[in-house]
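Engineer: The structure under discussion is supplied below as structure tokens; questions concerning it will follow.
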Amino acid sequence: MHPQVVILSLILHLADSVAGSVKVGGEAGPSVTLPCHYSGAVTSMCWNRGSCSLFTCQNGIVWTNGTHVTYRKDTRYKLLGDLSRRDVSLTIENTAVSDSGVYCCRVEHRGWFNDMKITVSLEIVPPKVTTTPIVTTVPTVTTVRTSTTVPTTTTVPMTTVPTTTVPTTMSIPTTTTVLTTMTVSTTTSVPTTTSIPTTTSVPVTTTVSTFVPPMPLPRQNHEPVATSPSSPQPAETHPTTLQGAIRREPTSSPLYSYTTDGNDTVTESSDGLWNNNQTQLFLEHSLLTANTTKGIYAGVCISVLVLLALLGVIIAKKYFFKKEVQQLSVSFSSLQIKALQNAVEKEVQAEDNIYIENSLYATD
């Protein structure tokens, strides 16, 4: 036998059996089925993305054990056929243009180099774009002008109305009522005790008037009793009907007023004193209010200063406490280092103190 014939037969046996190739096309979107069927006993198979290899599916996307799918690379890859009837066609759902390419259906049979291989070429094209013409209907508006002339006749009856003169009498009653009654109710409460914190010195000029009657009669003088400057009520002089009187009055102060009637009766009025007391009370109230306001402001300022001082003390304490802790930690670490150095020095000194004493009486 020729050697060439032997070599060719060996190559055919080593190569897997190829059933053929199929071409499948479709548009992107719908599902596409790649056909694959085999005969004989139910056996395992695989689908490979790419051309069929020599021994196994190197880029397998679906594997079966003959009756069930054991591996699926993507959920879009499905075997919808009856595996027990040897229908192992591959269905790809939601296809895209990127799915185009070569697929290999490999069915494994018993024995060496007996696998069946089917090569499927898939071509997916983009979906066709359908252009729908748009028809626009424009309604036509027709305008019809109609002119209608209607004769208009208007009859207005003329009626003469007699003139009537109506006498008009206008009477305007005038009533003027003037009420000139004025009632003034004045209630004056003079406090019996008045505390005036300030001392006011008022110069007093004393004028002594003496009336000499034409006839010598016994004369009686009523002089006011001297009072202290703190007394709010001045000394009063009772009215006298005597023909001679000596009166001491302050001429520079408007607090006193005197009236004299025809019978030489002297009457003293205390309105000026009451007005002075009211003015002094108002001044005292104003001073008290101002002092209270100043006290409130001073209290608020003092409170703020106290709070700021407390805050500064707390911050200073925290700062010094941290500083002391750091100093203690540094001193503690330095003490440990010194202790270790002392221990090392003692050990070295102890080793230096060891010496060897040779015996003077050495034996042969």
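Keep in mind that glycine also has a Cβ here, set from the backbone N, Cα and C atoms.
The shown structure was predicted, so the numbers you read here are calculated from the model rather than taken from an experiment.
Feature annotation from Swiss-Prot assigns signal peptide to 1-20; the stated evidence is sequence analysis. Summarising the annotation, Swiss-Prot assigns domain 'Ig-like V-type' to 21-121. Residues or ranges marked as topological domain 'Extracellular' in Swiss-Prot: 21-295. For 138-143, the entry in Swiss-Prot reads repeat '1'. Positions annotated as repeat '2' by Swiss-Prot: 144-149. Positions annotated as repeat '3' by Swiss-Prot: 150-155. According to Swiss-Prot, the repeat '4' annotation covers 156-160. Taken from Swiss-Prot, the feature repeat '5' applies to 161-165. Taken from Swiss-Prot, the feature repeat '6' applies to 166-171. Under the heading repeat '7', Swiss-Prot lists 172-177. Residues or ranges marked as repeat '8' in Swiss-Prot: 178-183. According to Swiss-Prot, the repeat '9' annotation covers 184-189. The repeat '10' annotation in Swiss-Prot covers 190-195. Taken from Swiss-Prot, the feature repeat '11' covers 196-201. Annotation source Swiss-Prot lists repeat '12' at 202-207. As annotated by Swiss-Prot, compositional bias 'Polar residues' applies to 227-243. Annotated topological domain 'Cytoplasmic' per Swiss-Prot: 317-364, in sequence order, evidence recorded as sequence analysis. The ubiquitin cross-link annotation in Swiss-Prot covers K338, K346.
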Engineer: I'd like the Cβ neighbour count for K346 (ubiquitin cross-link), meaning other Cβ atoms within 10 Å of its Cβ, all protein chains included.
Structural biologist: 10
Engineer: Validating a neighbour-count step here. Other CB atoms within 10 A of the CB of K338 (ubiquitin cross-link): how many?
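Structural biologist: Taking all protein chains shown, K338 (ubiquitin cross-link) has 10 Cβ neighbours within 10 Å.
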Engineer: Round to the nearest Å and give the CA-to-CA distance linking K338 (ubiquitin cross-link) with K346 (ubiquitin cross-link).
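Structural biologist: So the alpha carbons of K338 (ubiquitin cross-link) and K346 (ubiquitin cross-link) sit roughly 12 Å from each other.
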Engineer: Tell me whether K338 (ubiquitin cross-link) sits in a helix, a strand or coil according to DSSP.
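Structural biologist: DSSP assigns K338 (ubiquitin cross-link) to helix.
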